[in-house]
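Undergrad: Provided herewith is a single structure, encoded as structure tokens, for subsequent inquiry.
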Amino acid sequence: GKVYGRCELAAAMKRMGLDNYRGYSLGNWVCAAKFESNFNTGATNRNTDGSTDYGILQINSRWWCNDGRTPGSKNLCHIPCSALLSSDITASVNCAKKIVSDGDGMNAWVAWRKHCKGTDVNVWIRGCRL
């Protein structure tokens, strides 16, 4: 996987329309990526329920993508989970847009709830040319 620089990721996310998507400023997305994956597109983490989280935003195979090994997977983003590990974050961003529109907003991301929610997330884009 590719490890993004902070400002590099901010620029890519902005280009893909995440800034203020569903009311969440760009800093929220960069902060979430930092604490979910440390900006690494190749990150994978297995969960106790047998599902796996994939990519820079740690998108889960029980609901959002298909990895062929998660029983009862819904694959609501209609993608193979491997697509979420690409150095090109388009698939992750498109799926994240679907997730954040699902009703719970960015609360869907535990790391965002724990580390970003209610903080000054603008620090994550400070000094970036955007």
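Each residue, glycine too, has its Cβ placed from N, Cα and C.
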Undergrad: Need the cross-check against Swiss-Prot: the disulphide partner of Cys81, picked from Cys65, Cys95, Cys116.
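TA: Here Swiss-Prot pairs Cys81 with Cys65 via a disulfide bond.
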Undergrad: Quick one: Swiss-Prot says Cys116 makes a disulfide with which of Cys31, Cys77?
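TA: Swiss-Prot lists the disulfide between Cys116 and Cys31.
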Undergrad: Which Cβ among the disulfide-bonded residues (Cys31, Cys65, Cys128) has the fewest C-beta neighbours inside 10 Å?
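TA: The disulfide-bonded residues Cys31, Cys65, Cys128 were compared, and Cys128 has the fewest Cβ atoms within 10 Å.
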Undergrad: Could you state the whole-number distance in Å separating the C-alpha atoms of Cys81 (disulfide bond) and Cys31 (disulfide bond)?
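TA: It is 22 Å, counting Cα to Cα.
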Undergrad: Per residue, counting other C-beta atoms within 10 angstroms of the C-beta, which of the disulfide-bonded residues Cys7, Cys77, Cys81, Cys95, Cys116 reaches the highest number?
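TA: That would be Cys81, with the most Cβ atoms nearby.
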Undergrad: Calculate the distance in Å between the alpha carbons (Cα) of Cys116 (disulfide bond) and Cys7 (disulfide bond), and round it to a whole number.
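TA: Computed Cα spacing between Cys116 (disulfide bond) and Cys7 (disulfide bond) is 17 Å.
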